[in-house]
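Asks: Pasting in a structure now, in structure tokens, and then I'll have a few things to ask.
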Amino acid sequence: MNDLSNDDRNPLVTEIEIKNGFCSKVRSYSNIYKTLLQAFILVCVHTLTGISLILTNAKRPALPLLPDTIQNIIPYMPFEKYVNVLMVILIGSETIIIAFDPRRCFIYRRTLAVYSILSFLRILTTTSTFLPDPSPNCPAIHDTTVEISVSNIMKSLFGGLTCGDMIFSGHTMGFLFPGLVQHHFFNKKLGIIYLILGYIGSFSLIITRFHYTVDVLLSIILTTTIWFTYQMLCEHPCLAKSLPTCLYRYFNFMEWSEMDEDLN
């Protein structure tokens, strides 16, 4: 008795179903476009990052290395390759986990947003003060020519070892993000395992002379603080009223990015 032909159905019910279906499709496309917008913002920030890496490599001073407590105690260990492999495994596996989750666009969007903010802060810190690089693979005497081109930007971003980008460790960000995402959105126990591996990887950056200890510590503090602050503001919008005007305007963009999301 519940099976009705199209002619017997209430026109209002049919109209509502069509409207709901249309809204669902619009919402789906909207989520994709919002995610692509965040990805585009990240590409822009990464382009600036590439330019900053070119500058820091050219401007790093030919001075004695800074005194570092941990590096003074633990000798240099040439395990750079394994450090990079561990980071790729953590990021790659977490990316796959997100890809199979129904909330993937939402999670990618939040993650890209926080990563973009941190990357922009990293650009400011690395280009504000130039320090000698502790890595033995970065000779003190080097070419100081600044040549900004697409090929040099791509090489700086994806060409392997970079020299001079001190103060804020980008590798540490890469190590911590998989654990933070896993802990917040998925399995907290697995997230703790990811975070432990991330902290091990971050410590390895010091003994392989990728970074000074202060670079790693600063990155850990900023990454975790901004990550949890961003999540808190997204999930408790009333807190945004106490933000300064410039940050509150950015919060409006955050609200739009979160709009019409089904997190169940």
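Backbone N, Cα and C atoms are what each Cβ position is placed from, and that goes for glycine too.
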Asks: For the transmembrane segment entry in TrEMBL, name the matching range from 133-156, 157-180.
Replies: 157-180
Asks: Can you break down the domain 'Sphingomyelin synthase-like' (162-231) into helix, strand and coil residue counts using DSSP?
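Replies: Going through the domain 'Sphingomyelin synthase-like' (162-231) residue by residue, I get 55 helix, 0 strand, 15 coil.
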